[in-house]
């Protein structure tokens, strides 16, 4: 992991997205220290570091200690962005996915967000935001927030374009960050749907680009921040090679018309005895 991150910095990546859940905070911190020592970057300020609050810490009094632990793992004084990972709380103590359904408890979005605002006021993170939030859950936060969320990080790719959510966030000045821009093949929740899409294959072939590059260029053209993951140095380079060409109006129109299907419904957060009794409730119908 540390070596991969160093290679990414070498190739030109500057935004690194981690989370308490991922167990990648420590290797990322070590890679940042090494990158400074090796002169790959001159200062930590050249990097944009994001981490996330896990569900077991999504309680007012757990937020600040959780962020301090994250900063200790990363050996950093501040984050650039700190996100609520899911609109979900579980009993404190465990960092697991799937969560234990018996541990699901209602999340108090108002008080958790107040604690996030306190983290920003203390200078421990430059910005705060959310992840996997629907329009309705964003409205709940916005109704009492002193600092609105800067970002909503969500699943987004040509097969799950998030048109309604993107419009809402655009109107509210919230930046969308796209995770799984290639469909997350090979992960617990991912599918091959994006990488096996015939239309995207045709566009890639016609342009002399990879299918991944077409997906990343499409997301970039939507004005969102794209999070892309690779352990392969050549693919890291390819994934950056999306800025000196564009999709035609006709290609974009065809992509807009692709049938939509969410890749990661997150059924593990749904329980007859929990706060969300259906996927409809978890996503407020945005599924």
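Each residue, glycine too, has its Cβ placed from N, Cα and C.
From a predicted model like this one, the values you see are computed outputs, not experimental measurements.
What TrEMBL lists as domain 'NADP-dependent oxidoreductase' is 3-258. Annotation comment: TrEMBL describes 22 as active site, proton donor. Annotation source TrEMBL lists site 'Lowers pKa of active site Tyr' at 52. According to TrEMBL, the substrate binding site annotation covers 85.
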Open item on the list: What's the number of neighbouring CB atoms sitting within 10 A of the CB on the residue listed as 'active site, proton donor'?
Closed with: 17
Task: Among 52, 85, which are recorded positions, the residue with the most C-beta atoms within 10 angstroms of its C-beta - done: 52
- [ ] Measure from the CA atom of residue 52 (site 'Lowers pKa of active site Tyr') to the CA atom of residue 85 (substrate binding site) and give the result in Å, rounded to a whole number.
- [x] 5
Task: Rounded Cα separation (Å) that holds between residue 52 (site 'Lowers pKa of active site Tyr') and residue 22 (active site, proton donor) - done: 9
Task: Model confidence over the domain 'NADP-dependent oxidoreductase' (3-258) (mean pLDDT, whole number) - done: 94
